[in-house]
Amino acid sequence: MSMSKPIADAAASAASVAASGDGGTVRTVMLNLAAYAAAHVVLDRVWQKCLGQAKYKALSRRDRIYLAEKILSSVNALVTSGLAFKAIFLDKAYDGDVLNPYPNLAHTVFASMCGYTIYDLFTMWAQGGDHWSMWIHHIMSLYGTSLIMYFRKPSFFPLLFAVSEITALANNLVWYAQTLRPTSSWLPSLMVARAVTFTVARAWIAPYALARALAQAQYNPAMLWAQWFGASSNLARIAAFLTALNVFTIGWFNVGWTTAVWKLAVRALRGVPLRKAKRA
């Protein structure tokens, strides 16, 4: 079976759903999924041409899928993190209120992330071997973006976590170096740069999210609870609960992943053999 056949099938299915849609959110998500899946098929062919069949087939099945996936992962990282950063920190769409606003950029980010995440779950299934935390991260991203597109709030928190997707660029660069140029003298420096990127883009996200939520509640725990789960809360109970769960769980993952990449960077500087980068 062709390496890209399951992903090509996903593209065809998504395009069919999109074509029969009503132009709403589901259609947008399916178009994003179809675009990513179709691009994967094209990029897979390009990599075969660039590397040659002998070198391409010498790679593991997992690595052959990663060749195309990591380019699309980088595209998703640039789009989602860039637009999320703009909405939160440049447009200041949530200044003074992190519970109620739903800027247009947020919807664009969530639709793109949702389509990409479905595509990436297909690649994870086709590859096998991903760490359990990555499966949980992707599933949480999928239901998190889907719920917020439906309920519209509290959109600030998943959008803030989208900013951290920029770390995929650094992780992907390390993977390409390890796979295609494993003896490169630049590899230790790239791994240090990746660790710095994780620190700058991931470690602070959950504490900042909690700080913004507390600030809106005037640093009063009782008011915080009332705003999220009280009888007078204007948040859907399921959206409030799962958003809070995601903040704490992915925040914990972020700390763990940041610690792990720093350990790998130190080992690289010491010349210790390293395992290959996966997803980020």
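Glycine is no exception: its Cβ is also placed from the backbone N, Cα and C atoms.
Taken verbatim from TrEMBL:
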- 62-265: domain 'TLC' (DOMAIN)
- 67-85: transmembrane segment (TRANSMEM)
- 105-122: transmembrane segment (TRANSMEM)
- 134-151: transmembrane segment (TRANSMEM)
- 157-177: transmembrane segment (TRANSMEM)
- 189-215: transmembrane segment (TRANSMEM)
- 235-257: transmembrane segment (TRANSMEM)
Checklist entry - Thinking of Cβ pairs under 8 Å, which stretch from 67-85, 105-122, 157-177 has the most of them with the transmembrane segment (134-151)? => result 105-122
Next on the checklist: Can you give me the average pLDDT across the domain 'TLC' (62-265), rounded to a whole number?
Outcome noted: 95
